[in-house]
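Student: The feature signal peptide is assigned by TrEMBL to 1-24. According to TrEMBL, the disulfide bond annotation covers Cys33-Cys251, Cys81-Cys92, Cys97-Cys104, Cys153-Cys241, Cys158-Cys224, Cys166-Cys187, Cys191-Cys200, Cys201-Cys211.
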Amino acid sequence: MEKAQVFLPLLGLCFIFLISGVSSATFTLVNQCSYTVWPGILSGAGTTQLSPTGFQLNPGQSIPVSVPAGWSGRFWGRTFCSQDSTTGKFTCVTGDCGSGALECTGGAAPPATLAEFTLNGAGGLDFYDVSLVDGYNLPVLVTPQGGTGAGNCTATGCVVDLNGPCPAELKLMSTGTGGGGDECVACKSACEAFGDPKYCCSGAFATPDTCKPSDYSEFFKSSCPRAYSYAYDDGTSTFTCASADYVITFCPAPSTSVKSLGGQYAGGGSNVSSLMSSSGISTSAPLPFLTSLMISIVAVLLQ
């Protein structure tokens, strides 16, 4: 009896540690592009930093990333990346995070398509969106898996190629990316291109009443109606789920989604889940030490 009084509280404490060590969600990053993408991950202030924060994702590859409860942050895809053979410095033409390495220590340099998340937020819901506020560099689709929610626990993203039709004044041009000449590799936001407060929703334009959609933000919105097109584009661009996992697909094929009325593909299809194959980065598991400790405690109690 005395043993039970001593060890049962320890057993309960170990159980709590084990539960807290299990990830609250799995994010599967899928590359359906014809080229390599190097995803970057930035965790929000005050939340657990994920590991790794950047990696290579080859065409056709999928990699799961475990995300703990209460996490917030963003994912994006870096493109046209290379490592200097002399200095070893790693850089990307779009979405570069400035670390000089494969893993990131900061956010994406615009323009970049962002997938943003806050897990277990108000009411226990996950809040997520795909944002073009910092511009666009490649198509991204976010699809919840197994979650619940009233009305908008659904896919969102920008799955069309905007680099081709991007207005000339917003185009980010680059040479040496395989196109044989100058090529548009990303589409800037008007804020990035011009620095004007009316486009950046800053200064005298820092409220929803004073910062309104522009012709440039409407270009993004008309092409990708579920994505954020400017800072106060909340009404049609934020989505919520409870207890979901998420698939983030770069360059989603039409067969993985249902064509919406707004001119983009939205809403996950069955083909997305088939891409959720295991890879070199595994999901988190309870700590072996705590598991062994629990077994030892139970053994003592049974003596």
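All positions are counted from 1 along the displayed chain.
Just so it is clear, glycine is given a Cβ too, placed from its N, Cα and C backbone atoms.
Just so you know, TrEMBL annotations never went through curation; they're auto-generated.
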Student: I want to check the contact list for Cys92 (disulfide bond): same chain, sequence separation of six or more, C-beta distance under 8 angstroms. What comes out?
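Tutor: Once residues fewer than 6 apart are set aside, Cys92 (disulfide bond) is near Trp38, Arg78, Thr79, Phe80, Cys81, Ser82.
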Student: Give the residue from the disulfide-bonded residues Cys187, Cys200 that has the most other Cβ atoms within 10 Å of its Cβ, counting over every protein chain displayed.
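Tutor: Selected residue: Cys187.
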Student: Find the one among the disulfide-bonded residues Cys104, Cys153, Cys191, Cys211, Cys251 whose C-alpha lies closest to that of Cys166 (disulfide bond).
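Tutor: Going through Cys104, Cys153, Cys191, Cys211, Cys251 one by one, the Cα closest to that of Cys166 (disulfide bond) is Cys191.
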Student: Between Cys97 (disulfide bond) and Cys211 (disulfide bond), what is the CA-CA distance rounded to a whole number of Å?
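Tutor: Roughly 28 Å, rounded to the nearest whole number.
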Student: Look up Cys200 (disulfide bond) in the DSSP assignment and reduce it to helix, strand or coil.
Tutor: helix
Student: Taking the Cβ of Cys241 (disulfide bond) as reference, which residues of that chain separated by at least 6 in sequence fall under 8 Å from it?
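Tutor: Looking at Cβ-Cβ distances below 8 Å from Cys241 (disulfide bond), excluding near sequence neighbours, one finds Leu125, Asp126, Tyr128, Pro144, Gly147, Thr148, Gly149, Cys153.
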Student: What is the Cβ neighbour count of Cys251 (disulfide bond) at a 10 Å cut-off, with all protein chains included?
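Tutor: Summing over all protein chains shown, Cys251 (disulfide bond) has 20 other Cβ atoms within 10 Å.
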Student: For Cys33 (disulfide bond), which of the disulfide-bonded residues Cys104, Cys211, Cys224 has the nearest Cα in space?
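Tutor: Its closest listed neighbour, by Cα, is Cys224.
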Student: What subset of the disulfide-bonded residues Cys104, Cys158, Cys187, Cys211, Cys224, Cys251 lies within 10 angstroms of Cys200 (disulfide bond), using C-alpha positions?
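Tutor: Those near Cys200 (disulfide bond) - Cα within 10 Å - are Cys211, in sequence order.
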Student: DSSP on Cys158 (disulfide bond), three-state: which is it?
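Tutor: Where Cys158 (disulfide bond) sits, the three-state DSSP reduction gives strand.
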